[in-house]
Amino acid sequence: MANCEFSPVSGDKPCCRLSRRAQVCLGVCLLVLLILVVVVAVVLPRWRQQWSGSGTTSRFPETVLARCVKYTEVHPEMRHVDCQSVWDAFKGAFISKYPCNITEEDYQPLVKLGTQTVPCNKTLLWSRIKDLAHQFTQVQRDMFTLEDMLLGYLADDLTWCGEFNTFEINYQSCPDWRKDCSNNPVSVFWKTVSRRFAETACGVVHVMLNGSRSKIFDKNSTFGSVEVHNLQPEKVQALEAWVIHGGREDSRDLCQDPTIKELESIISKRNIRFFCKNIYRPDKFLQCVKNPEDSSCLSGI
């Protein structure tokens, strides 16, 4: 006990006192411990796992709310929708949850709030040819892609994810579906709403496919892995594929492509009829949608 000096004591008084050197050492240790606690308390909550994908789109909450308000103003049938409730449900699907463990169930409250019905024969699916599909529905106003519906419109071209066990949105990085995980907030959202969109389709459903790709029908696309398998045979009489050619000189019959035949087989096995049409000139196709009575539209497009 080299650091203790004994002296007569009574009662509960300490039997020894620390030397000045030991007191200084103890004080320094306590100070270092306090600094470490402060550093951990400040830095740890700010630490974020680095994902391979880009972070949440800037001003994500404001963008979603603004889009919701705009959509409900333009579409009278959706004016009953409370956009704050929509945002709360959207946020609740991913905030504080591990970004690689999101489920379709997480999005069900949002799906219920955004329920819409597309008239029969008016559903347009698409795969790898988004821009032309949207140009088409802008002209043919009585047909609808998923992005023409409330939920698809809210999330179109946006990225989002949260921080596990916090209420923060991660604007630095989000999981990439190839490099990190497929059960991320964005991928699961589109899988969920695409499934619902296909389930509610009826009559003749159309799909626009990109004929310039090596796989015109890709089983791994959202259309090939989700929508095709969720068309309801009791409601859908036929699927009509529009294969869009990539150039004026391409005169091939792409409806005979092996991947299109694969699509036909999948659809036929589900007791849904299948039709296919080549669209050789997409520019003329859109022009003829605008002006169907034009004499040039009487010839093939």
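Cβ atoms are placed via backbone N, Cα and C, with glycine included.
Owing to the predicted nature of the structure, the values given are computational and were not obtained by experimental measurement.
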Exercise for the section: Going by Swiss-Prot, tell me which one of C16, C25, C174, C181 is disulfide-bonded to C100. Expected result: C181
Handout entry: Second cysteine of the disulfide that Swiss-Prot assigns to C276, among C202, C255, C297
Key = C255
Problem - Listed recorded positions among C174, C181, N220, C255, C276 whose Cα sits within 10 Å of N101 (N-linked glycosylation site) - result: C181
Problem - Neighbouring C-beta atoms (10 Å sphere around the C-beta of N210 (N-linked glycosylation site)) - result: 21
Exercise for the section: With H, G and I counted as helix, E and B as strand and the rest as coil, say where DSSP puts C68 (disulfide bond). Expected result: helix
Fill in the blank from the handout: One finds that other Cβ atoms within 10 Å of the Cβ of N121 (N-linked glycosylation site) number exactly 16
Exercise for the section: Give me the mean pLDDT over the topological domain 'Cytoplasmic' (1-21), rounded to a whole number. Expected result: 53
Exercise for the section: List, in sequence order, those recorded positions among C100, N210, C276 whose Cα sits within 10 Å of the Cα of N121 (N-linked glycosylation site). Expected result: none
